[in-house]
Amino acid sequence: MVRRAPGASLALLLWVTAVSGSPAGPGAATARRQDEAFSTARCTSRCLSLQITRISAFFKHFQNNGSLAWCQNHKQCSKCLEPCKESWDLKKNHCQSFCEPLFPKKNYECLTSCEFLKYILSVKQGDCPAPEKASGFAAACVESCEADSECSGVKKCCSNGCGHTCQVPKNLYKGVPLKPRKELKFIELQSGDLEVKWSSKFNISIEPVIYVVQRRWNQGIHPSEDDATNWQTVAQTTDERVQLSDIRASRWYQFRVAAVNVHGTRGFTAPSKHFRSSKDPSAPPAPSNIRIANISANNDGTVNVMITWDLPEEPDIPVHHYKVFWSWTYSKYVIPAKKKRRKITDGPQNYVVLEGLQPNSNYNVELQAVTRWGQIRLKSAKVSLHFSTAQDNRNNNEQTSAGKPPKGLVDPYPTFQRRKPTRFLKIGTPFYQDNQLQVKVYWKKTDINMNQFQVHSLLESCVHNDTKGLEKVTELTYENYMILKDLSFSCKYKVTVLPAKSKSRFKAESIFFVTPSCSAFKEKTHKHINCAAEEVPVLPKVLAKPENLSASFIVQEGNITGHFSWKISKAVLHQPMTGFQVTWAEVTTESRQNSLPNSIISQSQILPADHYVLTVPNLRPSMLYRLEVQVLTTGGEGPATIKLFRTPDLPPFLPHRPHLKQHHPHHYKPPPEKY
């Protein structure tokens, strides 16, 4: 080694740290996703290599997509493939904890494949050069890296004799297949699918080659690489073609292909020319799950209603705007279209506020999504919602869609408005003072002996879900009024007033009121209020979760019947519980046409709220099943509780039925043993 001046070492340390530190930012995330795609393909190639003798017996040439399908359905080979999937995070899971639940008895193939994947995710392809070959900054006596992942590009973290630096490896492409030819062919099939073809150069690899196919796309009239999405892996195949069924009209697609074997890859081909489907884009889907989010009362007695809906997941063209029509109805008969009122909201917005509606009235709302394709407007089917602003009729709301029967409205916030002023109790106009929203409650004294009152105020619900439990405040006053302070915007409150002494004839009186939204209040009063906390309504989360999932099995006359039971946690339910959704799935690696290993054959059933047991007949012996239970409420689904169970073996002389059948979860019998 050459002796260096002390100052040079410091300068080298600073420079190396700057240029070879851990990569960060969007580019690093893209590189990490690319490395993971290559690693899973190397993992798959290894599994095929281990079975190459068997594969050759079935196929004249193992470089055929049938070889991958064969491996997916072969007992040992499918176990090897299981860790190669991209659906699990190796950093958060140990190989033992991943493989044992799937293969409790024999998991050697899974474990060795998992350890190989773990190794290649941390160690880049190629070999470190000899320490004495390091030169320039790579020869600096510094510890600038600890792992290959800290080095950019293809560089590896290598020793130089007195430290570790990022260095260009040797034998980078030893045994690695050549890149495919960059020209890709696109064939649009009559079914609407797209077939992408490529060809390979002379293959120097004796191991099976996995082709990783990625794509990106942009929306618009013209192709654009600047506005394109990130590259996403759409297929891994051993064939030199892939057929894609999720091609959308109006998108400009680009593809690239990499050839990978167990030793590594030379990277992707250059991005292909742009491809766009010749199909015309479809009209947007009709808005779904239209519902009432909130109803609030105005000072003049009118009512504001907030309507919300679910945005479509992936239309051919993004929704440009929504048309909202509403009209007063009589006995659910809609008035003529000429008298309908209309609003337009932006495409990304999923709610609208209908202002100035009359109390104790029926209304019908129609909603339609609109997209633009050049000069053409594409419109969805209309969906409608019938609702009432009268409190007595709040449970009679109906949701209808064109050509579909009415569905029950999921109403997370019960329809409410300010009650008619009672004889004794009234609510004043909300006002803003001392940086607080306040309101005055006042009442009439009917007895001169009443000189002290209890005032209970209860926060019932808020549109923005900012309630800290159910906040209840009790105060005493000698006056015939009380100013309620520190109120929240867009919330429903209940106020109850009763005499401090129970001997009085004055009975407890209650009144409901709804505070205005921050933005509406600010606009009317011109107050300087910070409305940053007011957001688009977020429905209260369902916190209730099934617990203590257990299973027992009864074997009778060659049939296995499973009894699954659970308990419910004592979480606060913001909405009434309507039942349970139970999904059970067979986790299998058996040979099934067009199926992947660990494919899930699932069935689902809705149980009433008082049913905590599910009975499933005709289960398969010695099979792993996944049970998933969710609490259902009027406001949505709770978090799922998932557990794996394995059915017992059948005695050798007993036949078994190989198919799952629909069942009815009744007549639960206590099982002999639990799992």
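Counting begins at 1 with the first residue displayed.
For all residues, glycine too, the Cβ spot is worked out from N, Cα and C.
Swiss-Prot lists 1-21 with the feature signal peptide.
Annotation comment: Swiss-Prot describes CYS43-CYS77 (among others) as disulfide bond. Around the Cβ of CYS43 (disulfide bond), a 10 Å sphere holds 25 further Cβ atoms from the protein chains shown. According to DSSP, CYS43 (disulfide bond) is assigned to a helical segment.
Annotation source Swiss-Prot lists disulfide bond at CYS47-CYS71 (among others). Taken residue by residue with DSSP, CYS71 (disulfide bond) is part of a helix. The Cβ neighbour count for CYS71 (disulfide bond), using a 10 Å radius and every protein chain shown, is 23.
Per Swiss-Prot, the feature disulfide bond maps to CYS80-CYS99 (among others); the stated evidence is sequence analysis. The C-beta environment of CYS80 (disulfide bond), restricted to residues of the same chain at least 6 apart in sequence and closer than 8 Å, consists of ARG46, CYS47, LEU50, CYS71, GLU109, CYS110, THR112, SER113.
Annotated disulfide bond per Swiss-Prot: CYS84-CYS95 (among others), in sequence order, evidence recorded as sequence analysis. A C-beta separation below 8 Å, combined with a sequence spacing of at least six in one chain, links CYS84 (disulfide bond) to THR40, CYS43, THR44, CYS47, SER113, LEU117.
The DSSP secondary structure for CYS110 (disulfide bond) is helix. Look at Swiss-Prot and you will find CYS110-CYS114 (among others) tagged as disulfide bond.
Residues or ranges marked as domain 'WAP' in Swiss-Prot: 121-170.
According to Swiss-Prot, the feature region 'Disordered' maps to 388-413 (among others).
Per Swiss-Prot, the feature compositional bias 'Polar residues' maps to 388-402.
When pLDDT values are averaged over the domain 'Fibronectin type-III 3' (418-515), the model yields 74. If you look up Swiss-Prot, you'll see 418-515 marked as domain 'Fibronectin type-III 3', on the strength of sequence analysis.
Marked as domain 'Fibronectin type-III 4' by Swiss-Prot on the basis of sequence analysis: 545-652.
According to Swiss-Prot, the feature region 'Disordered' maps to 654-675 (among others).
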Helix, strand and coil totals (DSSP H, G, I; E, B; other) for the domain 'WAP' (121-170): 12 helix, 11 strand, 27 coil
Winner by Cβ contact number (other Cβ atoms within 10 Å) across the disulfide-bonded residues CYS47, CYS99, CYS110, CYS114: CYS47
Those residues of the chain, 6+ apart, with a Cβ under 8 Å from that of CYS77 (disulfide bond): CYS47, LEU48, LEU50, GLN51, TRP70, CYS71, GLU109
Which same-chain residues, if any, lie at least 6 apart from CYS95 (disulfide bond) yet have Cβ under 8 Å of it: PRO83, CYS110, LEU111, CYS114, GLU115, LYS118
